Structures are given as C-alpha cells and as structure tokens.
Amino acid sequence: MANYILSLDQGTTSSRAILFTREGDIKQIAQKEFTQIYPQPGWVEHNANEIFDTQSYVMRECLQFAGVDASDVAAIGITNQRETTVVWDKKTGAPIHNAIVWQDRRTAGFCDELKAKGLADVIRQKTGLVIDAYFSGTKVRWILDNVPGAREKADKGELLFGTIDSWLIWNLTKGAVHVTDESNASRTLLFNINTGAWDDELLAIIGVPAAMLPRVSKSSEVVGEIHPEFLGKALPIAGNAGDQQAATYGNACLKEGMAKNTYGTGCFMLMNTGKAPRPSNNNLLTTMAWATPSGRYFALEGSVFIAGAVVQWLRDGLGIIQSAPEVEQLALSVPDNGGVFLVPAFAGLGAPHWDQYARGAMVGITRGATKAHIARAALESIALQTLDIMDCMQKDAGIKLDTLRADGGATRNNLLMQFQADVLGVPVERPMVTETTALGAAYLAGLAVGFWKSEEEIAAMWQLDRRFEPNMAQSDRDKLLHDWQRAVARSKAWIEA
C-alpha cells in the first residue's frame with residue numbers, strides 16, 4: 001500500500017513539490033524559483049516551458065531527497081497560480097507566447113470597452129466575477145489578436161488554451177489529456193458557474209473559440225496518469241484546484257461560513273458558502289470552491305493583488321532588507337508606523353475597489369520616517385487590505401466571522417499575524433501545517449483514490465499551531481482604518497486612461 005501523496009504547487013514565483021504522509025504531515029519539500037518577465041510597466045509574463053521544467057525538476061528532486069520511490073506514491077495532486085494564461089500549439093506542444101500572468105494589466109482597455117457596452121451584469125450573473133484584466137479570458141483574446149496568425153489557427157482548432165494546471169497536465173501526460181477543474185475554469189470569465197460549463201455567450205463576448213478549451217473535471221477525480229518517463233512509474237493525477245480554493249480545502253474550511261486568508265504573493269480570503277452561489281453586493285467575487293463527488297461548492301472571495309510581494313519589493317526594489325524574514329525584526333524596531341501608510345497598488349487595486357488604474361502610494365512621510373517605519377507600513381498594508389475584504393464578506397454572507405484561519409509563507413511573521421488579529425478584532429489561527437495550498441491538492445487527490453476515506457477524516461487532521469488574540473483598543477483601530485482609507489483614496493485612478 002502506498003504511503004504518500006505528492007502535491008505539485010505551481011506558484012507565481014516558484015515551482016514546488018511537497019510529499020505528504022497519511023497523517024497530512026510534510027515528508028519533503030523541493031522548490032525552484034523561475035524568471036519573472038516584465039516587458040513594460042503593468043505587464044507580467046512567465047516562460048511556460050520554464051514553468052514546466054522547474055515543476056518537473058522539483059517533482060523528481062522531492063522524491064529523491066525523501067528517499068521515496070514512486071511506487072510508494074498513491075496519487076498526484078496539482079494546485080496552481082490561477083488566471084495565468086498559456087496558449088500552445090496542439091501538434092507541437094510549443095507555447096505561441098509567454099504565459100500572461102494574473103497580475104498583468106495589459107487588457108485593462110478591453111475591459112473598459114466591455115463595461116462601456118453594459119456587459120458587467122451579464123458577466124457577473126454567469127461567472128460571479130467582475131470585468132477585470134485579472135482574469136484569463138481577456139488574456140487569451142490578447143494573445144490571439146497580437147500573435148500573427150494565432151486567431152486563424154485557433155479557429156481551426158490548432159491551438160489550445162489552459163491555465164497553468166492544464167499546461168502541467170498536458171505536459172505530464174505527453175499531450176494525452178487537456179483538462180482543467182471547475183475552480184480554475186471559474187476564473188476565466190468564460191465559465192458559467194450556474195450550469196458548470198463553458199458558456200457560448202461569454203465566449204462570443206470575449207472572443208475565444210470553444211475549440212481551444214479544456215474539458216472541465218471535478219477537483220477530486222482521476223483525470224489521467226503522468227508518463228512513466230518522469231518518475232519511472234505512471235501515477236494517477238487525481239486532484240486539481242486553483243491555489244486559493246486548494247488552500248481553503250487544506251485549511252479544512254469544509255463547512256459553510258468557515259473562512260481562511262492566504263498570505264502569499266497576493267492575499268486571498270475565501271469563505272465557504274456551501275452548495276449555492278452567493279452573489280456579492282460589495283464587490284467581492286462569487287467563485288467555485290471545488291467540485292467533489294459530494295457536490296459542487298461555492299465561495300465568496302476577496303483578492304488582494306500585492307501582499308507578500310510588497311516584502312519582495314522592500315528587498316529587491318529598495319534594498320531595505322537583504323532577505324524576507326528580516327522585515328519582522330526591522331518593523332519591530334519601532335513601536336508603530338510613525339504615521340506612514342503604504343498602499344501597494346503596484347498592479348492596481350483588487351477587491352473591493354477593482355481599480356485597474358490605481359498605483360502604489362506612500363503617504364504620511366516626515367523627516368523622522370525611517371526604513372523601519374516603511375517596513376512596518378508594508379506589513380500593515382497586508383493586514384489592512386484584508387480588513388477591507390472581511391468587512392465586505394461579512395455583509396455579503398450575513399455572517400460575522402468569529403475566527404480567521406491563516407496560511408501561506410507570510411504567516412510565519414508573528415508581528416503580521418498579531419496585527420491582523422488586532423485590526424480585524426477576531427482571533428487569527430495559524431495551523432501546524434502552513435503549506436495548506438499543497439495540502440488541499442493532496443487531500444483532493446487522496447480522496448479520489450481512497451487514500452483518505454472522507455472529508456470528516458480530513459477535517460479531524462487539522463492542527464492548531466498558534467492562536468493570535470486581538471489586543472487593540474477600538475479607538476486605535478478606528479484611527480488606523482480612517483487613515484488607511486485616506487491613503488487608499490490617494491492611490492486610486494493614478495493612471496489616466
């Protein structure tokens with residue numbers, strides 16, 4: 001009997017493979033960063049071949065470092081940066097353009113055209129999404145319109161589109177399987193979350209031929225096998241979900257009303273709303289959570305584009321710190337932000353503002369401001385953006401959160417977690433296993449092959465590492481929020497369309 005599940009966690013800045021035990025513990029992690037490509041301001045690309053090469057490399061390295069043979073792996077689960085778009089040649093398997101990343105803003109003008117045509121309501125009703133350059137559909141259209149001959153080839157069925165999960169599965173199966181799951185499909189602007197299928201009207205609006213699209217599977221389902229050349233054995237690919245949905249599952253937010261926030265490159269709060277889509281009146285997204293044999297589940301989501309990436313900027317852009325972990329000690333060297341607020345709208349503002357033309361702003365700077373105040377303001381911006389979303393989520397769901405589960409790399413920062421609890425006014429729980437994105441993909445894969453028997457078994461494995469209790473006076477919280485909202489207002493509509 002196999003003893004492990006292997007998760008492939010394809011993120012925005014690195015590809016990782018994580019081996020999980022039957023108890024849901026981490027046996028081994030392998031990670032490799034890849035190149036970020038910025039052709040011009042507001043554009044972000046990845047080399048799709050480099051993504052696959054790094055992912056297949058860490059997949060092998062993970063098992064090698066663990067001393068585990070592929071025959072001891074029951075299944076593979078995949079989770080991925082969502083919305084990032086690849087278009088490739090069906091015959092050769094070669095991408096016709098770099099992958100356009102979820103952060104990329106080049107299609108903002110086309111999104112404005114769709115809004116001007118009065119299409120926002122029909123798109124929201126069918127997809128649960130807002131019209132924004134964030135989502136995959138407009139990125140596909142851009143590639144077809146800007147790569148010579150691409151649209152003609154797409155119309156003939158010679159090109160394929162996929163989010164990163166589709167691209168990985170296509171390559172791992174040597175072109176035998178072209179598939180995505182409902183959670184990833186629901187992030188394209190092309191998928192009707194009510195019918196659970198690609199939508200002809202949406203395809204016509206965006207301008208994407210149906211022949212390019214992958215089959216849509218459940219999130220927990222055997223969709224194919226990886227080719228034996230990769231690990232020496234054909235293993236079932238049995239779980240697949242976008243990173244934030246996978247993190248919600250991995251954090252065992254399996255009951256209606258439970259919520260988690262993932263602190264990664266961006267920040268993403270999801271609340272499980274059960275088996276019915278919950279429309280948002282506060283500029284949040286209604287999205288698929290996952291589809292399993294027990295049914296189709298939905299979530300409310302608030303997406304923050306820049307969270308952990310602001311710490312990368314402190315390191316790589318400003319040189320304030322040499323490594324990401326240093327930011328906590330630097331920020332702790334001052335008692336507060338000194339009146340400095342940083343709005344990291346480097347790629348516009350996501351929920352609940354949805355301002356494609358906002359840009360980063362730092363306000364409240366005096367001669368007494370230091371790099372420590374800037375570091376503290378950067379960390380606080382992550383928590384304050386999360387507060388904006390939680391307020392909207394509680395209104396939409398009609399549920400007052402009593403606890404927020406947190407995951408992702410930045411949760412290791414105790415200052416950030418405590419400040420988050422302080423400004424939210426509710427406890428923040430950090431799980432023992434913070435790699436919940438990969439864990440969620442593992443759970444979905446394990447369920448599909450009987451490695452785990454039920455969601456009740458999975459929920460019982462969740463373990464608390466630390467609970468951060470709120471410890472801030474309401475008056476202080478109100479003042480912070482007031483000044484934060486003033487700072488956000490100054491970042492909006494900075495680019496003149």
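The chain as shown is numbered from 1 upward.
Backbone N, Cα and C atoms are what each Cβ position is placed from, and that goes for glycine too.
Quantities reported herein were computed from a predicted structural model and do not represent experimental measurements.
In the three-state DSSP scheme, T13 (ATP binding site) falls into the coil class. There are 16 other Cβ atoms within 10 Å of the Cβ belonging to T13 (ATP binding site). The ATP binding site feature in Swiss-Prot is assigned to T12, T13, S14, T265, G308, Q312, G409; the stated evidence is sequence analysis.
Annotated ADP binding site per Swiss-Prot: T12, R16, T265, G308, G409, N413, in sequence order. In this structure, G409 (ATP binding site) is part of a helix by DSSP.
Annotated sn-glycerol 3-phosphate binding site per Swiss-Prot: T12, R82, E83, Y134, D243, in sequence order, evidence recorded as sequence analysis. The secondary structure of E83 (sn-glycerol 3-phosphate binding site), as reduced to three states from DSSP, is coil rather than helix or strand.
When other Cβ atoms within 10 Å of the Cβ of E83 (sn-glycerol 3-phosphate binding site) are tallied across all protein chains shown, the result is 25. What Swiss-Prot records for R82, E83, Y134, D243, Q244 is glycerol binding site, and it gives sequence analysis as the kind of evidence.
Taking the Cα atom of each, S14 (ATP binding site) and Q244 (glycerol binding site) are about 16 angstrom apart. Each of the binding-site residues T12, S14, T265, N413 was scored by the number of other CB atoms within 10 Å of its CB, and the largest score is that of T265.
Residues R82, E83, Y134, D243, Q244 are recorded as binding glycerol; their most distant pair of Cα atoms lies 15 Å apart. Straight-line distance linking the Cα atoms of G409 (ATP binding site) and R16 (ADP binding site), rounded to a whole number, equals 13 Å.
Taking the mean position of the Cβ atoms of T12, T13, S14, T265, G308, Q312, G409 as the ATP site, the remaining residues of that chain whose Cβ falls within 8 Å of it are G11, G264, A309. Other than R82, E83, Y134, D243, Q244, the residues of this chain whose Cβ falls within 8 Å of the Cβ centroid of the glycerol site are, in sequence order, Q81, T84, W102, R187, G242, F268, S303.
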